[in-house]
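Visitor: Take a look at the following structure, please.
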């Protein structure tokens, strides 16, 4: 298979090279393999892991375990495809998801296939992380000061957003590596706290009910569909894979896929260590009474619950930045290449401040954590992680019909399309139900 050599890419004008040197995705290609590990962990493990016990309670043991393990295997396969396709064309690197889409579907169609989905994924993820950060701060405050005057969730979301008005001005992926590293460590830490504390609650000998959450069949069907969206959200981090790989140096002798794949292997082991114990032990401990955020079900020890919620805050700070960086790159690229604006600090400041303010506003307006994940998980994240890489692989690689690769890709496509079609229905149902029960003075 041919590999790209950055020295071979000499068809760009000096102006184009200067723009690439300014844009966040292509400005720094000196990342180490472990950068890809904690960037991928930060992108994938986040708000999703906290909802997995709740998703299990909506599916039950058999379907829940099956969906969890199948999703891990499918997304592990599709992320391998993404890493392989980054340098499939000699002398070229597909630094962005839409560039790979354009190669597969054509210049115009590729943009329309990939860019709208990528925008929805990145923006919705940032909004959800904004809400998650605010909720975790609120839970932290209530835990350490149960007698204090209650403060509205919207104020905590504003407090959480304040750090992003600063961090969002770091120029590129490598410059947020320290944030991403801290976030990855925090994800492993609070996931461990979540399942370990759940074990403590489980061994207390309380009677736990593992029946589905509702006696109404229609409600159970919608909740099952919503749970599929929650799982899809949890396993969907492929939207930033090519952008992360773009930061790794590459030559024909040492292509970037080597260190990238090494980092992905470690990342997916960490994902399994975080996800599976939290999902299975959390459901085992609380049954169908588990909250849509497992930390909300844990009431004691108070210091441990408070610490876990602060760890979540640190992690979703990193997750927000990882998902925001491709959006910054996309908007800044459009501004300098299409609108012909001059690359400048003022332009970058304006773009990024406006983006953070927009996600803050939407997060404050729709703070319904569980419903948001179920809807966006199926509607937006499933296509980019479960089956779009398979479609592109079939177009570019053209595996033998009815061979293993061909069958594997079509299996993933069918599963992914079912997720995309069915889970938003349940997510929307959950969102509407939560909106009716939500009190904005909280």
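Even glycines carry a Cβ here, placed using N, Cα and C.
Annotations in TrEMBL come from automatic prediction, not curation.
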Visitor: Write down the single range among 9-26, 81-98, 135-152, 153-170 that appears in TrEMBL as transmembrane segment.
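Guide: Per TrEMBL, the stretch marked transmembrane segment is 153-170.
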Visitor: Any residues 6+ beyond the ends of the transmembrane segment (265-286) with a Cβ under 8 Å from its own?
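Guide: Distant contacts of the transmembrane segment (265-286): 34, 36-38, 40-41, 44-45, 49-50, 52-53, 55-57, 61, 64-65, 68, 72, 76, 79, 184, 187-188, 191-192, 194-195, 198-199, 201-202, 208, 210, 234-235, 294, 297.
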Visitor: How about the transmembrane segment (375-396) and the transmembrane segment (306-328): do they have 3 or more C-beta pairs under 8 A, pairs 6 or more apart in sequence?
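Guide: Taking Cβ pairs at least 6 residues apart, the transmembrane segment (306-328) and the transmembrane segment (375-396) are not in contact, as fewer than 3 fall under 8 Å.
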